[in-house]
């Protein structure tokens, strides 16, 4: 035990007396003061930050490499037809988002290293590397808002993006959300889905992406602030504000409503990228009223609604149009990147049917291949499918319903027919329900000869000899008999 002549207790590390420090903790034969404990904690913390910084600078062994925007778009091109502007915008947004996360890591690690150098060596400032002009520049998050008609691929883009990036990804539906305290889901349940997608790894979930679909369904009821409480519209927008911007949210691990006696999972949403999407039906008319040149009087120009270019109108959308649609200003400010998707024309629908890696026709061809049948759609059938989809105004989502209706009888009958080799779907099959053209397998010669031999045995004839004709058969020699092909 470290003691002086007057038996005063000293710290075994710094040598200070008991009266010179706030607290002196005794151990087996030694003492340590509170100042030395603080110093040890700082050293251990700085060592941890330094190790973390080395891992960040090395790129991390377990983390997948960061894809460039062109690489992300190339991967999206394999599955998504058209929508070039949307694919480019999403690729850049995701790339910048993960650069921002890496920058935050490096800034935190560098700050810890600077604190360590300042404590251990005051002369280290002379040997310190020159500071970057971007030191202290904080990269803020840019959430995305996708706007486009139904069936143009908004949700499919998000699903494909999750597959390409291999990061925690959650898809939520805004129509089921309500303000806290009312029947429905709380906004925190969106975060729970992301945590579940990350296998409850909170650190991994805090770097994920959340896609909120049908965001236009939570618009407030009127252009002006509502008098009565709008719990599934404006109330949900208000509840989403802090989560979109970045906050530490308390999430019930089992989902459902919060109550005081349950445990919560705390998750920081600062580094979570939010992608919102909606059809925003009626928004083109709002944009037209803002940009249109119609006036009352003899000089007014008349525009037919049939001639309006919806794609061009949506491309010129501005925040004030979304405000008039029913989104509150605070919500619009938290989704600064607005991306519009074009309505699909006949050419794009035709490509969607045939070109992508998991095209719809390829899916049905794979299904029938398990029955040993080759499936073919002729050009007339594909044109008929696209024409019906355009008439129904359901976009790419309606293609499956059309093909499924035409293929129902085929998928029911063909598996029971072992001799079918090929099935050809024609335009009449799609439009009028006419049965498809079936091509049967050629008869096997060996199989036919075996059948003849078996027949001769039944008639009592020896192989190679003709069976004797019965008196009845003799009179029926000139009768023509038609045999239907198998």
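The backbone N, Cα and C atoms fix where each Cβ goes, glycine too.
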Region 'Disordered' according to TrEMBL, located in which of 22-49, 50-77, 78-105, 106-133: 106-133
Rounded distance in angstrom between the Cα atoms of residue 33 (Zn(2+) binding site) and residue 155 (ATP binding site): 60
Cβ neighbours within the same chain of residue 156 (ATP binding site) - under 8 Å, at least six residues apart: 79, 80, 396
Neighbouring C-beta atoms (10 Å sphere around the C-beta of residue 152 (ATP binding site)): 25
Spatial separation of residue 36 (Zn(2+) binding site) from residue 151 (ATP binding site) - C-alpha basis, Å: 65
Inter-residue Cα distance where the pair is residue 152 (ATP binding site) and residue 11 (Zn(2+) binding site), in Å: 73
Residues satisfying Cβ distance under 8 Å from residue 36 (Zn(2+) binding site), sequence separation of at least 6: 11, 13, 14
Output field, Zn(2+) shell: CB within 8 Å of site CB centroid, site 11, 14, 33, 36 dropped: 12, 13, 15, 16, 21, 24, 31, 32, 34, 35, 37
